[in-house]
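Scroll down for the structure; my scribbles are underneath it.
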Amino acid sequence: MSKPFQPISDVINTSPKNKSQSFNEIYGEPENFLEIEVKNPLTHGYGSNLFTDYEIVCRTNIPAFKKRESRIRRRYSDFVAFRKILEQETTRVIIPPLPGKIFLNSNKFNDLNIEKRRQGLEKFLIVVSGHPLLQTGSKSLIEFIQNEKWDPKQIIY
């Protein structure tokens with residue numbers, strides 16, 4: 001006499017019947033991932049000495065990066081210096097533009113202008129950090145994203 005029919009999933013499945021698995025348990029961590037966020041703008045100073053800085057949050061498992069997760073703050077002028085460094089560091093990659101400068105006669109510290117700039121800076125970093133040549137070959141990128149003591153004057157080309 002023949003055996004009763006059993007679905008293949010019952011035959012293969014060795015885990016308990018009702019145990020649900022998370023996405024990471026099923027698929028594991030992606031081989032190389034890099035997540036970048038620019039958030040939490042803070043305006044500092046007073047009078048004509050106002051400036052805004054932005055928090056950069058980086059999560060990655062790429063071996064070239066020193067830390068799996070980092071949080072640092074950067075000013076717009078830091079992004080400008082970083083972009084110039086990238087342009088000098090590599091001629092094989094077109095570096096995207098930064099969001100435009102806000103002119104002094106406009107209210108550059110209102111919430112709308114700060115949010116537009118934050119979005120533009122995040123887009124810039126996502127594009128730059130997503131480029132395979134920069135992701136693994138640019139020490140400047142890693143330093144800018146992860147080193148709290150980053151100083152553009154100390155960069156040697």
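We count from 1, first residue shown onward.
Backbone N, Cα and C atoms are what each Cβ position is placed from, and that goes for glycine too.
The model shown is predicted, which means the values in this text are computed figures rather than measured ones.
Features as listed in Swiss-Prot:
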COMPBIAS  11-21  compositional bias 'Polar residues'
DOMAIN    32-152  domain 'PX'
REGION    1-21  region 'Disordered'
Within the predicted model, mean pLDDT of the domain 'PX' (32-152): 91
Composition by DSSP (helix, strand, coil) of residues within the domain 'PX' (32-152): 52 helix, 28 strand, 41 coil
